[in-house]
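J.: Dropping a structure here in C-alpha cells format, bear with me for questions.
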Amino acid sequence: MSDLTSRTPKLDRRTVLGTLAGAASLPLWARHAGAQTAEPIRIGFQKHATGIGAAYGRWYDRTSQAAVARINAEGGINGRPVELITEDDGTDPKRGAELVEKFATQHRCDVAFGTLFSHVVVGSAPRAGELKLPYFVVSEGHHVASGMLNRYTLQPGITDVKSQVISMAPWVTQNLGKKVTMIFPDYAFGHDHRDFFTDAVKAQGGEVVGLVAIPPTETSFTRYFPRIPRETEVIYHVMVGPAVLTFVKEMGEFFGPSRPEIFGFIDSLEAVDLASPGLEFLEGTYFWEGAPRYAQADQSEHDRLFRAAVGVDANGASVDDPRDVSTYAHMFGCWETLYVIKAGMEACGYRGPQDRAALIEAVEAMTDMPHSAEHPQGAKVFNGRTHQVFGPQFISRVTEGRLVVQHQTAIKDGFYPDEVDYTAQPL
Amino acid sequence: MEFGPHLMLAMIEGAVMAAVLALMASGLSLVFGVMRVVNVAHGEFYMLGAVAAWVVTDLVGAGPAWSFAAALILAPLCIGTLAAAIDMSVLKRLSYDPERTIVATIGLLYILQQATLMGYGADARPVAAPFDTRIALPWVEWAQGGLALYWPWGLSVTAYKLFVIAAAIVILLGLRLLMTRSRIGLVMRATRIDGEMALAFGIPVERVYALVFGLGAGLAALAGVLVVPISQAHYLMGGDALLLSFIVVIIGGLGSLGGTIVAAILIGMGEGIVSVFFSPTLAKIIATLLVALVLVFRPQGLFGARAR
C-alpha cells in the first residue's frame, strides 16, 4: 500500500479510496508491478496437520491464510505477493527439523513460520540456525526467551508461558486461594508452567501443595486425581492434545458437587465446545485466555475485523460450522507474526535470502506494537535482545456457558529480567 | 485421599479397563484360535468402531440414548462386514500363510489409519454417553458408635462406566454360549481343530474364516463403541489398544478365550491399581515384564494348549 499512496501528490480521503478501489480491480500481477521483482515472498509454514496438535494446525492455517490474503490485498510486502508454502510437521520434532531444511533448500523459502508445540520448536530451531533461515514461532514455550535457541528464532506474536503466569499469579492468589495444586503435561511446556507458576505463587505468599504431571499421550485421567491433596484451595490445570475434553470431564466427575476453585489455561479446552456433554461443572470456574474466545461487550474494532477475516463467529466457532470451535486464545499469534514479518521486511528493504540477516536485525529493532488491525489481541512490547514479545492476558469466568473476561493484565505485569542477549550472537 | 477409598477408585478404573480389554483381546484371540492369523490391524478395527460410533450418533441425532443404541448395533455390524470383505479379498488370497498375513495386516493397519485421517480428520471427537449420572460411593469407617458410612471426597463412578463393565460381561457370556452351545460355534471349533477334515465333511471353511474375521473385528469395534463416551474417538487410538491386547493374549494364551479374559482382568486391574498408586509408566513396564516371563517359562501362555 505504501508505494501506491506515495505516488499520490495530494492525499485526501477520496483519492486514497479511489486508488485502492482501482488497485483492487487490477489482477494480482499488475498490483505488484511496481516492485523490483514480482517473485512472491515465500513463507514456509509448519502446520500441525496431523498428530496431537491437529486442531491447532487447522486454525493456525486458517488464520495465516486470512492474514496473507489481507496482506496481498493491501499490496503484499515491498510490492511483492506473499505465498504460504504449507507442509505437515505431524506435531513431530523430527519432521519439524526436516521441514525447516526442506523450506530452506527445496522450496527456497525466505523465512519459516508458524509452529506451536514447544517440542517441535525445540527440535526445529537448531536446524534453522544452522541454515540461517529466520524462524518465526507462534509457540508459548519459554525456550526462545531463555536463550536455549539461537538468533534466527524469534517469537514476536505471542507471549511466553513465563510471562503469562507471572502476570496472572497475583490475581489467582488474591482472588481464588493461596494453596494451589497444579496439573500439567509432563514435558517442556508443562514444566515451564510448573517452574514459573510455583515461583510466582511463592512470591505472592502462596504455596503449591501438589504437582500432578501427566504424560502428554495419556487418554484417561481419573487415576491421577486422587493425588490432589485435600487442603487444595485452587486447582491450576493446563493440558494439551486430543484428550483435553476427557481430562476436563473426568475432573468434573471426580470432584462432583464439592470442588475447590478451578483456574485453567484454556489450552485444556482449546477447540472444544463449552457446551460439550460433561462440562457443566465448569460453570463458575476461571480460564486464562490469550485472546477472549467469546466476543466481549467491549469488543474492539480490531477483534471484530480479525474474527470476520478468519471466519470466526461471536462464540469463537467457525461461521460455517458452529461445532468447529477455534483455538482463539493462540491463533491471533499467526496473524500478528505475519504482520511483524511484513513490517521487518519493509523496514530493511528485504529483497531475497541475502537479506535474511538484515531482517533479523530489523525485527530486533522493534519495540512498541500498538493495538491495531495488525495486532488485534492488544498492544505489545517486543524485546529485541530476548526475541520475545510481551502482551496483555485475559482471565475469564465461565458464566452461563460463555467465557466472560473478568480481568486483563497490563503488559508490564509480565516483564521479567532478560536471560539472554541474542543480539550479541553472530549472524 | 485415604488408602481404602483410593484403592477402591483404582479398582473401579481397573475394572473398566479390564472390561474393554477383555472384549478386544477376545476378538484377537478368536481370530488366531480359528484361523491362525495374527491380526496386527486389530487395533484399527477398535478405532474404526469408535469413529463409526461418532458418525452414527452424528447422523442419527435422536438424543444420546437412541443415537448410542444405534451406534452399538450399527458400528460393529459395519466394521465386521468390512473385515469379512477384507478377509475374502486379501487374507484368502494369501492362503492364510502366517508370515504373509502378518505383513498384510500391517499394511492394512496403515491403510485403515490413513483412510480415517483423510475422511474423519485428525481431531478427537466426543460422543455423549446415553446416561452419565455421577454416583458418589460410600465407604465404611470406625466411628465412636461402631461402623458408620461416609462419602469420601472424590470417590465416585459414573453410571456409564458401570454399564460398560456389565455390557462386557454380557457380551463375553454370549460369545461363550455361541462358541460352546451353537451350531456356528461347533463349526468354528471343528475348523480350528482340523480345517482340512472340516472341509472334507462339507463345512465351508472359507466362509467360516470370513465370519470369524468379521466377528473378531466386530468385537474390537464393540469395545471401541463402548469406550468412546469415556475417551473420545481419535484416529491414533488403535496403537495402545493393540499393544495391550497382544500383552493380554500372550499372557492368557493365544487362542484361549478363557485365558484371554483372566489375563485381561489381571492386566486391566493391575494397570489400574499400579498406575493410580505409582505411575502409568511403571504399570506398562510391569505388564511387559510379565509378558517376557510368561514367554520364557510358559511360552503357550497361562491357559494356552501346547502346540501339537
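Each residue, glycine too, has its Cβ placed from N, Cα and C.
So TrEMBL lists the following for this protein:
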type     : residues  : note
TRANSMEM : B:6-33    : transmembrane segment
TRANSMEM : B:45-62   : transmembrane segment
TRANSMEM : B:68-90   : transmembrane segment
TRANSMEM : B:102-122 : transmembrane segment
TRANSMEM : B:159-179 : transmembrane segment
TRANSMEM : B:208-230 : transmembrane segment
TRANSMEM : B:242-267 : transmembrane segment
TRANSMEM : B:274-297 : transmembrane segment
J.: So if I exclude everything within five residues of the ends of the transmembrane segment (B:6-33), which remaining residues of that chain have a CB under 8 angstroms from its CBs? That is, six or more out.
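T.: Contacts of the transmembrane segment (B:6-33) (Cβ under 8 Å, skipping residues fewer than 6 from its ends): 39, 42, 45-46, 137, 139, 154-157, 161, 164-165, 167-169, 171-172, 175, 192, 212-213, 215-220, 222-223, 226-227, 230, 241, 244-246, 248-249, 252, 254-257, 259-261, 263-265, 267-273, 276-277.
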J.: Taking the transmembrane segment (B:208-230) as the reference, which of B:68-90, B:159-179, B:242-267 gives the largest number of Cβ pairs under 8 angstroms?
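T.: Looking only at B:68-90, B:159-179, B:242-267, the most contacts with the transmembrane segment (B:208-230) come from B:68-90.
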J.: Taking the transmembrane segment (B:159-179) as the reference, which of B:45-62, B:68-90, B:242-267 gives the largest number of Cβ pairs under 8 angstroms?
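T.: Maximum Cβ contact count belongs to B:242-267.
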J.: Would you say the transmembrane segment (B:102-122) and the transmembrane segment (B:45-62) are touching, if the rule is that at least three C-beta pairs must lie under 8 angstroms and be 6 or more residues apart?
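T.: Yes; at least 3 Cβ pairs under 8 Å.
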J.: What same-chain residues lie close to the transmembrane segment (B:68-90): Cβ under 8 Å, and 6 or more beyond its ends?
T.: 45, 48-49, 52-53, 56-57, 60, 62, 104, 108, 127-130, 206, 209-211, 213-222, 224-226, 229
